[in-house]
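Chemist: Quick one: the structure is below, and I'll ask about it shortly.
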Amino acid sequence: MDPILLLKALILGIVEGLTEFLPISSTGHLILAGDLLNFNDDRGKLFEIVIQSGAILAVVWEYRERLLKVARGAFSEPAAQKFILNLFVAFLPLAILGLAFGRAIKAHLFNPVTVASTFILGAFVILWAERREHKIRIQTVDEMSMLDALKLGIAQAFALIPGTSRSGATIIGGLLFGLSRKAATEFSFFLAIPTLIVATFYQLYKERALLNADDLAMWAVGFVAAFVSAFLCVRWLLRYISTHDFTAFAWYRIAFGIVVLATWQFGWVQWAAD
């Protein structure tokens, strides 16, 4: 396979891994990177779907002991059953609204103005959330009730709007609903597993006609790059939030929103839904 194509796969895999679990939206970054690398055709979009699974696996690997414990106790331990039920409840809002409005959102909201506006608006939400008084009532994920899970699921549903950031919506939603930084961040990671797995398989099924065995090497490079970078990013974020808030990500979102508007206004990037 073309070494240049493999290099593009490596770069995009790293971009996916570094942005998937930070509150900065992976979608906007992949669009920009894909266009700069001239890899934004249907083949490139399918590639983005494939490498998402690498990022998912990174979270599964990081929390493998916890997840195995939950799996073993799924039919016998109340704590494990509560954890699974909370994830299911939190997953439902995005799944239902995505099926109902996904096509309309892609057709009408996937444009540079919406993406940039959402980036910037999301930044101000983060700044506001960080400046308000935090009343923490939930220190760990295990303390969450089904209602808490539903609230975070509703927050995650805002990620259907391009540029919102799934992780950003759930983490900041968690802070607003009284979760500690660690609990909000970890639940966002756990919720990513069913959410991204279902989204990945659904998109792969829709685009199955584009699947080609000749692209296996490219997918493998991107998958590994996404896995490694996402794993390192998850580890880093857990350390970062122990001593920092999310304000820096807000300022980054504002800067990136301005970049999106500039690239669109001057025609530097082909911001298109299809």
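Backbone N, Cα and C define each Cβ position, glycine as well.
In case it's useful when we look at the structure, here is the feature table from Swiss-Prot:
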{"type": "TRANSMEM", "residues": "4-24", "note": "transmembrane segment"}
{"type": "TRANSMEM", "residues": "46-63", "note": "transmembrane segment"}
{"type": "TRANSMEM", "residues": "82-102", "note": "transmembrane segment"}
{"type": "TRANSMEM", "residues": "109-129", "note": "transmembrane segment"}
{"type": "TRANSMEM", "residues": "184-204", "note": "transmembrane segment"}
{"type": "TRANSMEM", "residues": "218-238", "note": "transmembrane segment"}
{"type": "TRANSMEM", "residues": "249-269", "note": "transmembrane segment"}
Chemist: For the transmembrane segment (4-24), could you work out the same-chain residues 6 or more beyond its ends whose Cβ comes under 8 Å from its Cβ atoms?
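Modeler: Apart from its flanks, the transmembrane segment (4-24) reaches 30, 33-34, 37, 39, 44, 47-48, 51-52, 54-55, 58-59, 122, 126, 165, 167-168, 171-172, 188-189, 192, 196, 217-219, 221-234, 237, 246, 249, 252-253, 256.
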Chemist: Taking contact to mean 3 or more CB pairs closer than 8 A (sequence separation of 6 or more), are the transmembrane segment (249-269) and the transmembrane segment (82-102) in contact?
Modeler: no
Chemist: Counting only residues 6 or more past its boundaries, what in the same chain has a CB within less than 8 Å of a CB in the transmembrane segment (218-238)?
Modeler: 1, 5-6, 9-14, 16-18, 20-22, 47, 50-55, 57-59, 61-62, 182, 185-186, 189
